[in-house]
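S.K.: Here's the feature list from TrEMBL:
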{"type": "BINDING", "residues": "G73, V76, N80, S311, N343, L408, D411", "note": "Na(+) binding site"}
{"type": "COMPBIAS", "residues": "21-33", "note": "compositional bias 'Polar residues'"}
{"type": "DISULFID", "residues": "C177-C186", "note": "disulfide bond"}
{"type": "REGION", "residues": "1-55", "note": "region 'Disordered'"}
{"type": "TRANSMEM", "residues": "67-85", "note": "transmembrane segment"}
{"type": "TRANSMEM", "residues": "97-118", "note": "transmembrane segment"}
{"type": "TRANSMEM", "residues": "139-165", "note": "transmembrane segment"}
{"type": "TRANSMEM", "residues": "228-249", "note": "transmembrane segment"}
{"type": "TRANSMEM", "residues": "261-288", "note": "transmembrane segment"}
{"type": "TRANSMEM", "residues": "308-325", "note": "transmembrane segment"}
{"type": "TRANSMEM", "residues": "337-358", "note": "transmembrane segment"}
{"type": "TRANSMEM", "residues": "387-408", "note": "transmembrane segment"}
{"type": "TRANSMEM", "residues": "440-465", "note": "transmembrane segment"}
{"type": "TRANSMEM", "residues": "471-494", "note": "transmembrane segment"}
{"type": "TRANSMEM", "residues": "515-540", "note": "transmembrane segment"}
{"type": "TRANSMEM", "residues": "560-581", "note": "transmembrane segment"}
Amino acid sequence: MQDKSGKTAAGSPAGGGSTAQNSSYQNGHTVAQNGHHPATSPEPQSEPRAPSPDVIPREQWGGKYEFLLSCIGYCVGLGNVWRFPYLCYRNGGGVFLIPYFIMLFVTGVPLFLMELSLGQYGAAGPITVWKCCPLLKGIGIGMLCVSTLVCLYYNVIIAWTFYYLGSSFQSPLPWSCDAKANAAVCGNASAAGNGSEKARSPTEIFWNENVLGVVNSEGLHDPGPVRWPLALCLLAAWIIIFLCILKGIRSSGKVVYVTATFPYFVLVVLIIRGATLEGSLQGVAFYLTPDWSRLANAQVWNDAASQIFYSLGIGVGGLLSMASYNKFDNNVIRDTIVITLGNCSTSFFAGFAIFSILGHMAWRKGVPVGEVADTGPGLAFVAYPEALALLPGSAFWSVIFFLMLFMLGVDTLFGNMEGITTAVLDEFPNLRRNTLHKSLFLGCLCFVFYLMGLLLVTDGGIYWFTLIDSFSTSFGLIIITLFMCLGISFFYGVNQFCQDIIDMIRHCPPWCSKVLIYFKACWVFCTPFLLLFILIYIFMEMYNTPLRYGSYVYPQWGKALGACMGATCCLQILIWAVVAISRETGTLKERFQKSIRPLNSWRVDLNTQRGEEYVEPEIVEAPFTVTLTDMDYTGMEWEM
């Protein structure tokens, strides 16, 4: 509706959202019932709802740099330091960059923009934002499940980092050959170097026996007792996360000024230090030398896509939640380009720091570079500590390195926890109103995560860690993002979604409109096609390849349990789609059509979000479209 001044009422169903939705408002004289989904037969309008005066408004970022740094800190994580370099040299060195950047621009950037735009336009978390298409509410529930699994094991990595950080203040380092306890081990390693049997290094012994205690466990079925030093580190990690998210984005937005920038300082220092080491060029050459034959291998393309998802944090709700606290007119396209390119450039940049040190390590040990690095935790907590122990002033460099890992892990966990808390607070807004209740909820949430995480810090915890890590972000995450892409493109409407983005960018530069043509093509065709390809490959690989940790092969019941984790996440889409259809009336076709229409509350607070003064809506009791003339505005007064 409109008032005398011609402004659109904030309580109208379309909420004044997009130009396409509200085309009937543009001339200031026509009031239409719903521009987004025009009905074939007129229906009575529901009464506009004004926001309750006692509802606490949603928080917003203190500035655009807080949002950018939070997203960069969320995306730039441990995967940039240990996972990208490993995948790069495992898949042909520099040639891996070709499929990596293709996957970035065809799947990573489009899906990243879709999540940021959906969260910013809807100003809601991963669940509530699907008011735009109630049929797909299960996507938000699935994101919540994935984010829960990620938070469960990700903070265990931070606990390991704490353990190593505390041990780094000892001189000599407890995993170096200079330590008295390792003298015999290093002597045996030198003697075994001439034989056929490979001796374990002090770093491997420290990792497997002192930290994990995995030598005391027989496998997944034998977790053993809790390792209390790690349990205390895990408790400290959750306390830090709780304190950082307690005040919402107002506190975490300030923390990221340190946590998001400090790792870059450390990487620069490590690159400069690594370049001065003997053998560093050997490592850099290994990092960049391409093996063109690898491009024909499907594994290379699958690894490139999985790294993009792992690194950008797509599909777990963190991006969508952080974008929901943006101002409505924030330039989301600019932010997407800055964050995604900055994240992937960091991965490439970190490779030089890592491989220069690994090159020096290979030179010291007299082995090829490919034999001194491993995947996953083994790279960060075995190869890197061993390399750091070889540097002059090893204790100092070890403290700096593990402090960097701590910052990277905390930033990523901020985003994942924000996705969970925002989803719950949006579904239960009373928690926002009562600070005590919100604090109790956050405290209970962190404590429950801590109790669940105790399984991962037992003697056999690394087996459970690997299982959750392998399946939490596997096929379930791909299915969630595939349905998100298809749902927005074909149910909500890709043209309407692009128009929503243009509406958010008030003064949209010409290049924004041109770039949206590319994104539209990706959302409709290219991205779904590649996601289907990745999904098929994941199922083939999961069926044909056994899951391992070191020499331990997981039993079939273990793989089945992991598959159930992934299936639980993606089955939420089907379950909540059935719920949405069952709540409607009419034939099955009519129920489906109603369930894909945006709710009346979709962006009802648009004027408030734009910073405009809220206008109390006026009501015209008429079931049909009413055309107002100039005399209606000049010759009479509207009355309630």
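Using the three backbone atoms N, Cα and C, a Cβ is placed for every residue, glycine included.
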S.K.: Select the range from 97-118, 261-288, 308-325, 440-465 that forms the most Cβ-Cβ pairs under 8 Å with the transmembrane segment (515-540).
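M.R.: Highest pair count goes to 97-118.
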S.K.: Which stretch from 67-85, 97-118, 228-249, 387-408, 440-465 shares the most C-beta pairs under 8 Å with the transmembrane segment (337-358)?
M.R.: 67-85
S.K.: Near the transmembrane segment (387-408), which residues from the same chain, at least 6 beyond its ends, have a CB less than 8 A from one of its CBs?
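M.R.: Those are 76-78, 80-81, 157-158, 161-162, 164-165, 168-173, 175-178, 203, 258-260, 262-263, 266-267, 269-270, 273, 277, 357-358, 360-361, 364, 372, 380, in sequence order.
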S.K.: Which of the binding-site residues V76, L408, D411 has its Cα nearest to the Cα of C177 (disulfide bond)?
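M.R.: Closest recorded candidate to C177 (disulfide bond) by Cα: L408.
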S.K.: With contact taken as 3 or more Cβ pairs under 8 angstroms (pairs 6 or more apart in sequence), are the transmembrane segment (67-85) and the transmembrane segment (471-494) in contact?
M.R.: no
S.K.: Can you work out which residues elsewhere in the same chain, 6+ from the ends of the transmembrane segment (560-581), have a Cβ less than 8 Å from its Cβ atoms?
M.R.: 134-139, 141-142, 145-146, 149, 467-468, 470-472, 474-477, 479-480, 483, 542, 547, 588, 591-592, 595
S.K.: Using other CB atoms within 10 angstroms as the count, which residue among the recorded positions V76, C177, C186, L408 scores least?
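M.R.: Sparsest of the recorded positions V76, C177, C186, L408 by Cβ contacts within 10 Å: C186.
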S.K.: Hey, how far is D411 (Na(+) binding site) from C186 (disulfide bond), Cα to Cα, in Å?
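M.R.: If we compare the Cα positions of D411 (Na(+) binding site) and C186 (disulfide bond), the gap is 37 Å.
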S.K.: Could you measure between N343 (Na(+) binding site) and C186 (disulfide bond) for me? Cα positions, answer in whole angstrom.
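M.R.: For N343 (Na(+) binding site) versus C186 (disulfide bond), the Cα atoms are 39 Å apart.
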S.K.: For N80 (Na(+) binding site), which residues in the same chain are close in space, meaning a Cβ under 8 Å from its Cβ, but six or more apart along the sequence?
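M.R.: In sequence order, the residues whose Cβ lies under 8 Å from that of N80 (Na(+) binding site) (at least 6 apart) are S311, N343, T346, S347, A350, L408.
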S.K.: Using Cβ atoms only, state whether the transmembrane segment (308-325) and the transmembrane segment (440-465) have three or more pairs under 8 Å that are 6 or more apart in sequence.
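M.R.: Counting Cβ pairs under 8 Å, fewer than 3, so no.
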